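Input: a single structure, listed below in structure tokens.
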Amino acid sequence: MVAAAVLVVVAAVLVVVAVAVGAGDYSGWDVTRVREHLRALYANGEIVELEAAAREIIRTNPHVQRDLSSPSVYQYLGVAQFSLGKLEEATTAFEQAVRLNDDDVQSWVHLGNCYLYQMKLAKATTALEVAVLHKGAAHESHRLFKARNWMADWQDREELLDVSLEHLRREIADHKPTDVNALDFVELLAPLAHRLNGNLRIGFVSSDFGVHPVATLIRGLVSLLSSQRNNAIVYCFSLTPATSWWKRNISRSVDHMVSLSGKNPIEAARVIKSHRIDVLVDLNGYTLHSGLPVLAHRPSPVQISYLGFPMTTGAPFIDYFISDPISSPADISPSSFTEKLLLLPSHYIVNDHLQMLGHTIEGPRPTFADATGDRRDETPFVFATFSNWQKMDPVQFGAWMEILLRVPDSVMWFLRYSGHEEAEIHLKDEAKAHGVDGENRLIFSKLSPWINHTLPKRMADIVLDTALKNGHTTMIDALWAGVPLITLEGTHMSNRAGSSALHSLGLGNIVVNSMKDYVDVTVHLATNLPLLAQLRRDVEDRRSRFPLFDTSGYTGRFASAMQSAWEVKKLQASQVGKTNKSMQLFFETNLGQPRHNPTQLSPLSALGDNHVVDEFEVLVQSAIDAKNPMRLHIGGHTRREGWWVVDIDESNQVADFVLAMDNLYPFPDRSVEAIYASHVLEHCHYGLGGEVKDTLREWHRVLKPGGNLYVAVPDLFTLSSLFVSKRSSNQERFSIMRMMFGGQTNPFDVHKVGFDFPILAQYLENAGFCDVQQVDDFRLFQDTSVMKFKNKPISLNVKASACASR
């Protein structure tokens, strides 16, 4: 098996084999039988079953526990728990694996990764040193490199980097999936990186819709993209079950939030493909819980890498990489990407600051003491970097120390990210070696809650970007805080982001091109306060007038780029066997237009929204914890004990959940006993957007195996017969027409599809329902399902159950 961070990558390409035996009594099984069973569960992607089987084997079969071959039962247990997001439990399993067999190198690697993702950096470093330096896992050097970098521990840095880069070269040359999130600042050598109709269906795949920088950046984009003017239907495919204010908000903003949690890559790809996504955007790259193994199965015609991983994926199944002309210049960048470049005209990193953080730029700047907690008598000149430790190196730190030596009464301000205890010791020792009093001139302060995190940053006088890899999100935070930024424009995407951001503010003239200029310009500004004050006014003024923080404008350009990528795909499909060199580099239109936008934008604030947890998810979880059965009445207008009312209309006074019926995101898979839906399914499009299929598929998702669906719709056959009957008066025909097409008294009261029993039964069976049967009366609610017209029932009432074998 491979390292933990890429376990799901390997699972995507394993041969699927049949599971020999289901979970049961393993006490009499021999080692071979156990290993074959666990391997089959893993290969089939049955991760939940794998965890349960490994636990039971450990409990009942001590003989197998003592098997020292790899992978051990404990390693399988840890792999399953890691895949399910149970990091602490996985850590315990891998600890036991190496305790039983000190030579189990892969469990040492897995253990190091578990520690790393929990930011237990000293333990991660120790475990990875065992694997890399003592157990022969040199190909995992990049993990040790990353763990040490998080603590600003630079011992053997160049040697580890050389080994890691050589391994990366071999992987790309052999067309293997890479796992190089520790090396995303490495520039690859050129030879290595080689609907016809309707709204565009755009999907975003990520594990980071919870509390993560990616979620804070894209919330505004996906919300605005879902609006009608952009002609897009937006799906978010969540790889993990993490919940947060961000996920709640995104779930309610987009057209569909679909959970892929617990599914193996093949199953996840099938789910995505079933939604007929035109353009699929991966937000993770090679990071924890990567979505790339899913995209390897080509669930979408156009697949794009964006935002979460600032270098090529090297994957043949990724068509485009989104960047901008400054971060990835067209004349030098294509050789570093296996994907075609899709360049947006302004900074490629979207943000949501204008909509969310308006309150943080109001009022006076915080004091030095309030921002840092440092109560010294005199306020110093404050240089700051908001990047974490892994983006720093000895050259960068040396430049900062030279700046401190040339600017008396100045300090360097850092934030206390994970690993700060060790990092502070290392950095103070490094400062002393440069002749700087680290105890007094290096300042470390705690992180602020996200909703206010840019407010204390306004205190800084100059923010110094990291040249190894730019600050990205933290750099955007600094500019929103109105602080001048000094950035050194590098030679590859990850260290040109600062330059791109300044160009998007019309301040490209302050970008520097050498470390000497970086130091000299910084010192000049720090010792010329009127010039610095003017620069700060420029930054503050341009926040509301230039593209960097214009999320709405960015969304429009992004939507156009997605549409263009889709049009190129259609053109290529129509010209099979031909090539088009002009498509090798793809640019969004109007690149030559001025970057500034004179429109004054109004900052908004999310400070008043205190819903840090989703009250709907809390309600559902409470029912699950209490083992109370959950039954849903979709579109209901009357209460009944034991049933929750779900309705999209916020004016419905009896609704327990205000949700779209095709997006029941608070309800986990297989959690609902029954669904009753009377005269609501006809409000879905059967063609545009495929809403009927999506809705039935969503109902099937939340129902337990064998759970009942009661669905009533207008009986098109009966109504049509009544309409054409010579016995019907004109007034009666008008009433019948309203039953067929809806009363249309509000935007929700419009019918978009008609059903007879064969049509509805086919839709239900295609969605995974069994035992489909027509009934006269559900005997549950007195509503339209029992309505008669001219003494004829006009409702088609159908009962079905979610197939047990799924």
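FYI, residue positions are counted from 1 along the chain as it appears here.
Cβ atoms are placed via backbone N, Cα and C, with glycine included.
Residues annotated as signal peptide in TrEMBL: 1-20. Residues annotated as repeat 'TPR' in TrEMBL: 71-104. The domain 'O-GlcNAc transferase C-terminal' annotation in TrEMBL covers 195-362, 380-555. Annotation source TrEMBL lists domain 'Methyltransferase type 11' at 660-710.
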Need one number: mean pLDDT over the domain 'O-GlcNAc transferase C-terminal' (380-555).
94
On the DSSP side of things, how many residues of the domain 'Methyltransferase type 11' (660-710) fall into helix, strand and coil, could you say?
18 helix, 15 strand, 18 coil
List, by number or range, the same-chain residues at least 6 past the repeat 'TPR' (71-104) whose CB is under 8 A from its CB atoms?
1, 4, 7-8, 34, 38, 42, 47-48, 50-51, 54-55, 57-58, 64-65, 110-111, 113-115, 117-118, 127, 135, 240-242, 261-262, 289
If you run through the repeat 'TPR' (71-104) with DSSP, how many residues end up as helix, strand and coil?
25 helix, 0 strand, 9 coil
